[in-house]
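Peer 1: So that we are looking at the same thing, I have put the structure below in structure tokens.
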Amino acid sequence: MIDSLNNYNYDVNDSLKVENLTTEDYEEICKRLGRKPNRTELGMFGVMWSEHCCYRNSKPLLANFPTTGKNVLVGPGENAGVIDVGNDQKLVFKIESHNHPSAIEPFQGAATGVGGILRDIFTMGARPIAVLNSLRFGNLDKSSNISLLRGVVSGISHYGNCVGVPTVGGEIYFDDSYSGNPLVNVMALGLLETDEIVCSGAKEVGYPVLYVGNTTGKDGVGGASFASSELNTNSLDNRPAVQVGDPFIEKSLIEACLDAFKTGDVIAAQDMGAAGLTCSSAEMAANGGLGISINLDLVPARENDMTAYQYLLSESQERMLLVVKEEKLNILIEQFKKWGLFANVIGEVISKKEVIISQKNQIVAQIPTSALSDETPINIHKVIKEPPDYLQKKWKWSEDELPIITNNKILSFKDKKQYSLSEIILNLLSNPSIASKSWIYKQYDSQVQSNTVFKPGEADAALLRLRAQDERNKNNNFSGVAASVDCNSRWVLLDPYRGSIAAVAESARNVSCVGAEPLAITNNLNFSSPNTEIGYWQLSSACDGISKACIALETPVTGGNVSLYNESKNKNNQVTPIYPTPVIGMVGKIQNVDKAVSSGWKNINDQIWLIGSYRSESSIGGSSYLDYFHGLITGRPPKINLQDEKYCQTFLRDAISKNYISSSHDISDGGLAIALSECCILSSKGANIQLEEKNARKDNILFSEGGSRIIFSLNKMEETNFLNFVSINNKNFGSNIYVKKIGFVSEANLTINVQDEELCNLRVDELAEKFNNSISNSF
């Protein structure tokens, strides 16, 4: 075989810019190879040493996450995390981002984001059972943001609906910081019932490497490097870096792979996602402690004139790399072909710890696996010791700086007009970040597979029956899995540490609100450039907050994704970073889905109760009220006492399991008034609320935000049993937790009284009109 490794006919400086590599990187590559890299090899290093693939800026921070626990079977490092959910079932889950591709091709960017995360799930041997998403867009007063929203939602619904996996929930927020750089994070869940988890390490020398799925084209070339750089006015030129997906091939790939995995004849599996064939082959070899040899002439190609560089860096979708038992090879190939998929042997596992690539009888790349995958460079950043001055000034803000409330009216700093408290409630309900997302949910098939317990928006978390796929496990299993994705980006902007603690706490709280016990998280860290002092400080502080909350709540991190350089440049080179957005994907288990509760009231005259912590703060600093009504993003987010947070959630779950509670809803964006409004809207019933707060501003009572607060309802016939339950738990929780009755479910109006003074009296149909039509009315 002819060696073409010494073909250096390229401009080094220009090529380094294309690959997002530095001069220091180039020198290190030369040192590791013992020679200069050729152009193909440089491209391979470019994608493998990108932030997207090797976490070169964030790896030291991620190392501090708690990753082990009683239920964790597979933690970070594999395609997805795996936890034990009992009954011989395992839950596989992960979250990923497709931010940059969605910014320039919203439909395909979002669609392939769904396809990619689904492959991460079934690559582990699990059947995908659900998808959730966390989305961020600029405000809807700009037509470009509306176009992005429409495109992304269409892409998600198209791919998920066609592949037959329900989209069961999520969150969406709007802010101008995302106008040039939307966020598209997709979380997927899968159910695994086989004894063995399929991993990615190629551990048997001489075994064939099987390419399965779609053909390889030029779409997505350099996608990993593109995802690791900032967006600018020239980013539309990167449309070829966006992949094009085919959900019908994905569906065939799911079924064919799951059938193949059941045979036990597949030794290892890896999705060809970010960095394509380069990443899948290098990681497969490195994870197995061996090497791999690939012949590009055997790769099914969509086009005839593809170079080695294009083959290796293509991110064409619906492709898998498998290591299989040689004696079962032909049977497996026929099995894949039955599903209309390509199935070609393109190489083998070798003992020499190198990735060796050949094309047209020439070696076009030969790189030690450790150089590509294991010993990737780490960028060392100094973390500033004190929070930035501008934040410290914001933290000194006090609600006393707001206008005085007179006759239940207050002046808005935003438009200098007087509004009643009732008008403010309606105003907040029309905020697209708070308002109903039904226009979006209606485009998703949330019921396919028939395991969805609550429709999107009905409960604080998605809930699915863990209905066994395997006949051996069909033993009257009534258990279910709950999932939620959460992040209050405004809080993280104002205090990355507290804001990230709050994101973990809220995601756990949402899971608890349906009656499920939080078990583990996956996270998607969406941040701006780590090369600025503030950018890296935000990332570092957020990771510290996530770690602290996960330890306290006993919800280990099983994996996730880091998406940096989320910022946009305008024509004048002015940089607009996104709000730091560490999205938390929480999963939990409920023993009996029949006991789960949703958010809306159930019966007229049911009692309404509030549980909370005296030690967890609530304030209007950093609140939706302060932002949307007054136009102020200031103050310090309230501190959450994590011990009390855990107590409140445990109390609630226990009460739900004993059938005391009829409905449950956490208090988050918009505060108590908005939480009550949402319960009324979902049930088409009113609420009569009597509060006894003293010495507090009325807007604080209605709109303050914080942790550890949940409203719930119960049938008045259960009051005696419930009070006995409260008394028993008070001995365990002490005097730091309060549980108090605040009202009852009524027929048609939401009425809130404080010290016998009526603050608002609104018809439920008024509330619903504002809440349900806000997003659709923006178009």
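Glycine is treated like the rest: Cβ placed from N, Cα and C.
Grabbed the feature section from Swiss-Prot, which reads as follows:
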ACT_SITE  HIS52  active site
ACT_SITE  HIS98  active site, proton acceptor
BINDING   TYR55, LYS94, ASN523, GLY560  ATP binding site
BINDING   GLU96, ASN561  Mg(2+) 1 binding site
BINDING   SER97, HIS98, ASN99, HIS100, ARG119, GLN243, GLU315, SER316, GLN317, SER563  substrate binding site
BINDING   ASP120, ASP271  Mg(2+) 2 binding site
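Map these features onto the structure and tell me what's around them.
Peer 2: There are 28 other Cβ atoms within 10 Å of the Cβ belonging to HIS52 (active site).
Sequence-distant neighbours of HIS98 (active site, proton acceptor): residues of the same chain at least 6 apart with a C-beta under 8 Å from its C-beta are GLY109, ALA110, THR112, GLY113, GLY116, VAL184, VAL186.
The Cβ neighbour count for LYS94 (ATP binding site), using a 10 Å radius and every protein chain shown, is 27. DSSP assigns LYS94 (ATP binding site) to a strand in the three-state reduction.
Cβ neighbour count for ASN561 (Mg(2+) 1 binding site) (all protein chains, 10 Å cutoff from its Cβ): 24.
Neighbour count (other Cβ atoms within 10 Å of the Cβ, all protein chains): 27 for SER97 (substrate binding site).
Counting every protein chain shown, the number of other Cβ atoms lying within 10 Å of the Cβ of ASP120 (Mg(2+) 2 binding site) is 26. Secondary structure from DSSP puts ASP120 (Mg(2+) 2 binding site) in a helix.
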Peer 1: Spatially speaking, which of the binding-site residues ASP271, GLU315, GLN317, ASN561 is closest to LYS94 (ATP binding site)? Use C-alpha to C-alpha, please.
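Peer 2: Closest by Cα distance to LYS94 (ATP binding site) among the binding-site residues ASP271, GLU315, GLN317, ASN561: ASN561.
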Peer 1: Drop a 10 Å sphere on every Cβ of the binding-site residues ASN99, ASN523 and tell me which sphere holds the fewest other Cβ atoms.
Peer 2: ASN99
Peer 1: Starting from the Cα of ASN561 (Mg(2+) 1 binding site), work out which of the recorded positions (HIS52, TYR55, ASP271, GLU315, GLN317, ASN523) are within 10 Å.
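Peer 2: Of HIS52, TYR55, ASP271, GLU315, GLN317, ASN523, within range: HIS52, TYR55, ASN523.
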Peer 1: I need the nearest neighbour of TYR55 (ATP binding site) among the binding-site residues SER97, ASP120, ASP271, using C-alpha distances.
Peer 2: SER97
Peer 1: I'd like the Cβ neighbour count for GLU96 (Mg(2+) 1 binding site), meaning other Cβ atoms within 10 Å of its Cβ, all protein chains included.
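Peer 2: For GLU96 (Mg(2+) 1 binding site), the count of other Cβ atoms within 10 Å is 23.
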Peer 1: What subset of the binding-site residues GLU96, ASP271, GLU315 lies within 10 angstroms of ASN523 (ATP binding site), using C-alpha positions?
Peer 2: GLU96
Peer 1: Compute the mean position of the Cβ atoms of TYR55, LYS94, ASN523, GLY560, which form the recorded ATP site, and then list in sequence order the other residues of that chain whose Cβ is within 8 Å of it.
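Peer 2: Other same-chain residues with Cβ inside the cutoff are LEU62, PRO76, ILE95, GLU96, THR522, ASN524, LEU525, VAL557, GLY559, ASN561, VAL562.
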Peer 1: Far apart in sequence but close in space: which same-chain residues, 6 or more away, have a Cβ under 8 Å from ASP271 (Mg(2+) 2 binding site)?
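Peer 2: Once residues fewer than 6 apart are set aside, ASP271 (Mg(2+) 2 binding site) is near ASN79, GLY116, ARG119, ASP120, THR123, SER280, ARG319, MET320, LEU321.
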